[in-house]
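Pulled from TrEMBL:
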TRANSMEM  A:15-32  transmembrane segment
TRANSMEM  A:44-63  transmembrane segment
TRANSMEM  A:69-86  transmembrane segment
TRANSMEM  A:107-127  transmembrane segment
TRANSMEM  A:133-151  transmembrane segment
TRANSMEM  A:171-192  transmembrane segment
TRANSMEM  A:204-224  transmembrane segment
TRANSMEM  A:231-250  transmembrane segment
TRANSMEM  A:256-278  transmembrane segment
TRANSMEM  A:299-316  transmembrane segment
């Protein structure tokens, strides 16, 4: 309660904390629903995963950090042992084609209004300093839900909760990848990984030459992403190891360098069969003969974009 | 000596390259780095807990899912299909290019229509193949194969570079969370604005590339570069007038 009374905390942060409690509830809801789904072969593990996650998201701020750490380990254990799965119960509540067609007939193109709500409110939130983009986005979600309810009384709270549970269960434990990678980055930093790489690479990259630093960071992001198949994993390692000591330490703009490094990584994603979800799965889904058929069509745009982004970084740093 | 703390990085790179379980890789790398780096078990749990809680912003995708499924239930995908279905008399390359622009705009608002499985296969490919037939040609397998590759490429490029325009996208949040322990504060809205020219150029380059490539393929397979004659005839007529 102290937190909510604290005048130094912005309104937006307080509202966001309420939304975190709600997200935690959604996660626990997914856990309980899976626990009750006897068709789920791993219902206990699935329950532990979503419930532990829900507790950390909802109440993490008030739980001692070390206990949060323990809860995350508790959450990860069933994930590692492949005990986070989905049953068939949630799929049964998936919308049928005829239901979607009937709803579309009634609502039509107006459906774009709630769909665009999230993005619009995120921008509005970002423009109001005491609110912030994330709180704005969450408010947008709530408004979108209200609009959907106004369109059709069938869109009851239960429908929203069950639809989101179905999508969460389908995503499974992998949806935690970005958050865990960010934590890994923090551990790298705490252990001094950045300093060691800086010392190691310092002989190769001239210290203080930001231009060379930017080029190495951008191309490194692309190559690391190609090897790892995941730009999110690459940005964690590369920012700690190369970005911070060789580019940001010399006063380059962290927002420009940080986000462009990520999209340099995306250029790597476009060129690697390691990113199977994007480059190999579509080959199967579209019945293509050439396994590299998607990648071949992406190499040229990806190479153009890496050059464009390096030039952009050098100009806007 | 202290080079040992790089072991964690090596685990991540090798682990991902070998396609081992991603969460297992991360936790092993984290534990190894913490132990080698002298943080200890308590320090590891505390760092993990602290950073995870301060990174809760990335859990925003959960609340977004609250409406994602229900939007689809109420016909979002059908509406999107009808929107792009309004495009008439376009070449296959144009269909793919227009899809890219539409995908980019909606991605900036975090709206997705289902990717290759949900949209390219059921909506875009039939439109592209339909455009070949409308021009009075038989869809040749090799040509359609190339169109599939281009449509998937457009899907990926527009989605990758479009989603970073959404204020609060996972990628930008990860950059923000990675920068914070390093001592840099970055603003979400600013990062989205920085990416606008990149996204526009990326989709523009891909669109032009696919339109040109498609025109070349049609010349190769059908001996013409026109889109069914009608529109080109109209365009030339317009120019002459």
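In case you wondered, yes, glycine gets a Cβ from its N, Cα and C as well.
Unlike curated entries, TrEMBL annotations are predicted automatically.
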Give the nonlocal contacts of the transmembrane segment (A:107-127) in its own chain as ranges (CB under 8 Å, at least six residues past its ends).
12, 133-137, 139-141, 143-145, 147-148, 151-152
Quick check: do the transmembrane segment (A:69-86) and the transmembrane segment (A:15-32) share at least 3 Cβ pairs under 8 Å, counting only pairs 6+ apart in sequence?
no
What parts of the chain pack near the transmembrane segment (A:15-32), using Cβ distances under 8 Å and only residues at least 6 beyond its ends?
3-4, 46-51, 53-61, 131-132, 134-135, 138-139, 161, 164-165, 168-169
